[in-house]
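Colleague: Look at TrEMBL and you will find 323-490 tagged as domain 'Helicase ATP-binding'. Feature annotation from TrEMBL assigns Zn(2+) 1 binding site to C553, C556, C593, C596. According to TrEMBL, the Zn(2+) 2 binding site annotation covers C562, C565, C580, C583. The annotation domain 'Helicase C-terminal' is assigned in TrEMBL to 588-747.
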Amino acid sequence: MSLTFEFASPAPVPTPAPDRVTLFVDVILPLPLPKLYTYRVPYELNDNVVIGGRVIVQFGAKRTLSCIVAAVHETPPKEYQAKYILEFIDDAPVVTQPQLKLFRWMAEYYMCTLGEVINAALPSALKLSSESRIQLHPVFVAEGSPYPLDDKEQRIVDALGGEDGKALTFTEVGDLLEVASFHKVIKSLMQKDVIFLFEQMADKYTPKVVKKVRLAEHFVTMAAVEQLFDTLASKPKQVDVLLKYLQRVPVHHNEHLNQQGIEKAALTSSPHLSPSAVNTLIKNGILEQFDQIVSRFPLEENPLAQMPFQLSEAQTTARDEVMTLFGQKNIVLLHGVTGSGKTEIYIDLIRNALDGGGQVLYLLPEIALTAQIVTRLMRVFGSRLGVYHSKFSDNERVEVWNGVLSGRFQVVVGVRSAVFLPFDSLSLLIVDEEHESSYKQYDPAPRYNAREVALMIGNFQGAKVLLGSATPAVETFYMARQGRYGLVSLSKRFGEAGMPEIELIDTRKLRADKKMHNHFSSDLLSAMESKIAQQEQVILFQNRRGYAPVIACQDCGYIPKCQSCAVSLSYHKHAHELRCHYCGYHEGMPTQCPACGSRALRTQGFGTEKLEDDLKIMLPQANVQRMDLDTTRAKNAYQQIIGDFEQQKTNVLVGTQMVTKGLDFENVSLVGIVNADAIIHYPDYRAHERAYQMFVQVSGRAGRKGKKGKVLIQTGDPTQVIFDKVIRNDYLEFYAYEIEQRREHEYPPFTRMIKLTVKHMDQELAQKAAILLTQELVDRLGRSVVLGPEPPYIFRIRNFFLQEIVIKLSREHTVLKQAKLDICAAMDIVRDQKEFRQARLVADVDPM
Ligand code: ADP
Ligand code: ZN
Ligand code: ZN
């Protein structure tokens, strides 16, 4: 039978009861559609309608999709005949009311569709479609399943059980069961951990499973344990195993610890214990063996280290100030220098919020969400903590999603997309490193900033929001200065650690004096040498990956460029390739100039790969590792590099901005910024702010525990104003200067910006469309607020020619709201022109 998703039993009832109502639902489809679609609810399923629950509908001729019920009413749509809902999946919401409210706000504020927001929000395993596939779950064992399976479920399991890793599409499942409504069966199997779902073959989920053991449940009381020892008195080997277990998992202090158990291998591979005694205990039902999927965060199992640190006096004062300010304000900025111990303050505040019964969301930039921090939090919050990382597989995300819904996770630490999770009773949100640009999503829509979304969630749910940073965003500090946010400062590092000493190195002068060795000054080299000799570690920062950003022919000047983008190709030595950093295009490194045939091809400039290479020659005694996009593509590569550095297997860590963010290594005493100038001279009004933040943050990695840290900054012009502020670690002075610049040039926080980008494969049409759009905008908003159109610095990416228009608006809410409507209208006019049908128009609100 081929599967059609017609409603299974239309059940035409001849005489409808008089009080019977016809219900309609508006659904959010996970597609960029401008409005919601209305479907009809079959009478007999009126009671099944759940706002925020998923239903299956037919959309278009063939496609069936799951979507979210956003509203229920009795008004049939005017423009079309409503189709019936095919199936109800959930009997409880997967999207909560507060989420729906938030998603609506996001769509409006960020000028996109609700479908785009939902699409970004829901893990794809919650977005069933006819192309979805299922597979047996790796922890499922047919004989030992703790849940009974019904006949339909068993048939699916049998069909999947054949060869290893066999998958079925939904269509195949429908054929197999010979019914159209099978989503409930699938959902039930997923809940029982029998199957899992994935969208594409490439996504196949192969989690790591470990065998663990724990004490069988009825032995978990003090009395039972004592009795157990009595009964085992004549079996010393088994007693040893038990003692070891209790030592690792002190259930007599806290029974809940037993739940997690420990890895079986920790017992069987111990030289002092007998593996067969372990197995006997399992066989006799004293220990219980179970499988657990281990997270990509290798957590130490150390249940004894449950206690968080004792806050220092300065930390206690700051914590108290935050609490007091929360009495008056909803938002507080914690401005604490790098290494001042902000994390411990967060932990204390989280505990407090949890004690009060609320949920907590702790946001971190992707790069700072490491095993380090998760371990620290796990120790305090144990199984109440959910972790939400973008590199997680979809199933792991669904687990967190459901865990938040069910109340299992009361606190979640996550990256920007964690703002989408189904919280409904948050009492605290923390946005650490709130200045970070990685909180902003560039592409695709919604182009949101998780910090701003967090503020809105706080507003909707009546929760407090704590923003933390050593280098707050200028906008944030302005709000604090205005009294809109509370402000708490921590100006000293935790413990004995002082702020690092920062020195400038004048590379132009040194080059003239022949004291530069490639890109290294003798000062930097000798400082590195001496630190390594003292077994201390070094971080080198260069904001460019690859070997060289440009290669050029020495004879004719030819520079290889990307075919699809307006950029030169970067040379990657290891791969022996030229690569485009914008579209991923790559080709082999030519041996001679494609233009004139000369063999004199030289590299210009340098990236992290070249630094790594040079160091291997100049400091052969050092163990150098590189951390950038190229070395961290594999799922665990990033953790690996950080782990090696943490365990001091590596002396020098060379990297892009990845090394600047929130990492806490105790043995780093030297940080080198190899080329500061490229960071300062960037064509953007935020360049100065970004450079300041980067310098201070990367400097902040030095000397965090006791040892005096040193930072060497290489620059061709040490007189640039920014250095002075970095050296004196004077945020206030930086801010005072910067805010005046912003005021003078009417940049945020004094205005709000919306950037519109017009993209077209044809350069001329891109320009024409941009001119028309500008005209339409000027007509509606006035000339003075519309800037452009202008091609951006990189004016062509992935074959699209770009034109940008920037709109600067007053910050008043009503003005903003109206302006967005006007902008949408202007964009629609351009989109409706036949000539520009191939054009793409993108709005980016609060671009970064
Ligand atoms: P920040 O986030 O402000 O840069 P961290 O929270 O990472 O600083 O703290 C810096 C270092 O000081 C960390 O290694 C942390 O473990 C340590 N630390 C902070 N507070 C305490 C405390 N109260 N007791 C012991 N160690 C602490
Ligand atoms: Zn040439
Ligand atoms: Zn390209």
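The backbone N, Cα and C atoms fix where each Cβ goes, and this holds for glycine too.
Heads up, TrEMBL stuff is auto-annotated, nobody curated it.
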Colleague: Just name the most isolated of the binding-site residues C556, C562, C565, going by other Cβ atoms within 10 Å of its Cβ.
Modeller: C556
Colleague: Cβ distance under 8 Å to C580 (Zn(2+) 2 binding site), same chain, sequence separation 6 or more: which residues?
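Modeller: In sequence order, the residues whose Cβ lies under 8 Å from that of C580 (Zn(2+) 2 binding site) (at least 6 apart) are C562, S564, C565, V567, L569, S570, H586.
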Colleague: Based on DSSP, name the secondary structure state of C553 (Zn(2+) 1 binding site): helix, strand or coil.
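Modeller: In the DSSP reduction, C553 (Zn(2+) 1 binding site) maps to strand.
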Colleague: Would you please pick out, from the binding-site residues C553, C596, the one with the fewest other Cβ atoms within 10 Å of its Cβ?
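Modeller: It is C596 that, of the binding-site residues C553, C596, has the fewest other Cβ atoms within 10 Å.
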Colleague: Go through the binding-site residues C553, C562, C583, C593, C596 and pull out the ones with a Cβ less than 6 angstroms from some atom of ligand 3.
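Modeller: Listed by sequence, the hits are C562, C583.
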Colleague: Including all protein chains displayed, how many Cβ atoms other than that of C583 (Zn(2+) 2 binding site) lie within 10 Å of its Cβ?
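Modeller: For C583 (Zn(2+) 2 binding site), the 10 Å Cβ neighbour count is 17.
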Colleague: Output, ordered by sequence, the same-chain residues six or more apart from C593 (Zn(2+) 1 binding site) with a CB under 8 Å from its CB, or 'none'.
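Modeller: The answer is C553, D555, C556, Y558, R599, A600, L601.
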Colleague: Quick check: in three-state DSSP terms, what is C596 (Zn(2+) 1 binding site)?
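Modeller: The residue in question, C596 (Zn(2+) 1 binding site), is coil (DSSP, three-state).
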Colleague: If you measure C596 (Zn(2+) 1 binding site) to C583 (Zn(2+) 2 binding site) at Cα, how many Å is it?
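Modeller: If we compare the Cα positions of C596 (Zn(2+) 1 binding site) and C583 (Zn(2+) 2 binding site), the gap is 27 Å.
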Colleague: Among the binding-site residues C553, C556, C565, C583, C593, C596, which have a Cβ atom lying under 6 Å from any atom of ligand 2?
Modeller: C553, C556, C593, C596
Colleague: What is the set of residues, excluding C553, C556, C593, C596, whose C-beta falls within 8 angstroms of the centroid of the C-beta atoms at the Zn(2+) 1 site?
Modeller: Q554, D555, G557, Y558, P594, A595, G597, S598, A600
Colleague: Note the Cβ centroid of C562, C565, C580, C583, the recorded Zn(2+) 2 site, then list each other residue of that chain whose Cβ lies within 8 Å of it, in sequence.
Modeller: Q563, S564, V567, L569, H581, Y582, G584, Y585, I797, R798
